[in-house]
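J.: Before I ask anything, let me first share the structure, which is written out below as structure tokens.
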Ligand SMILES: Nc1ncnc2c1ncn2[C@@H]1O[C@H](COP(=O)(O)OP(=O)(O)OP(=O)(O)O)[C@@H](O)[C@H]1O
Ligand SMILES: O=C(O)C1=C[C@@H](O)[C@@H](O)[C@H](O)C1
Ligand SMILES: [Mg+2]
């Protein structure tokens, strides 16, 4: 059984996909994004899964996709922003190197913008993001072995910090 070299968690706009790609390049490993796994197996975008099937169905697909990816991927793995909501997913993350990319309200809203690909943030993005950050902060903290702040920082700088902290943890 393989295990990821690092699992990235954090809210929408934290930069899991952006930093994950850079981190994988720096480590010479492959990058995998559970959001993409779900879209590939459902054959449609996440926004369509939310509209056609509802959030509950999406969360069930997500929980299975996370377990499958944790068991089979040996590179860098990014989870969806809400994956940590599932008790089973938080339990499955125990023993893994989990990097929480931390982002504050202002940077998160700026980065996510008005992009309708994020169904939860399609209406009133700022208020929704504020609630989501507050509700999920303890869940990211519970699973993280490394925390990196991303506000006002470039993806390259964040990636260097993640690498340094991962090395410290495994030293
Ligand atoms: N450090 C950063 N500074 C400025 N912009 C950034 C930074 N990191 C990511 N971005 C931009 O913010 C947007 C969201 O980034 P990204 O898709 O990587 O976030 P995510 O955490 O994967 O979000 P989601 O949970 O929705 O998948 C993208 O347009 C990306 O280019
Ligand atoms: O924060 C969330 O709940 C989500 C984040 C995205 O990565 C996707 O997994 C989906 O849009 C839900
Ligand atoms: Mg992403």
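Keep in mind that glycine also has a Cβ here, set from the backbone N, Cα and C atoms.
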J.: Of the candidates 130, 136, which does TrEMBL annotate as part of the substrate site that also includes 35, 59, 81?
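T.: For the substrate site that includes 35, 59, 81, TrEMBL also lists 136.
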J.: Between the binding-site residues 35, 81, 136, which lies closest to residue 13 (ATP binding site), Cα to Cα?
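T.: For residue 13 (ATP binding site), the closest Cα among 35, 81, 136 is found at 81.
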J.: Pop the Cα-Cα gap between residue 81 (substrate binding site) and residue 17 (ATP binding site) into the table, whole Å please.
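T.: Rounded to the nearest whole number, the Cα-Cα distance is 11 Å.
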J.: In DSSP terms, helix, strand or coil for residue 13 (ATP binding site)?
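T.: Coil, per DSSP.
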J.: Around ligand 2, within a Cβ distance of under 6 Å, which of the binding-site residues 18, 35, 59, 81 show up?
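T.: Near the molecule: 35, 81.
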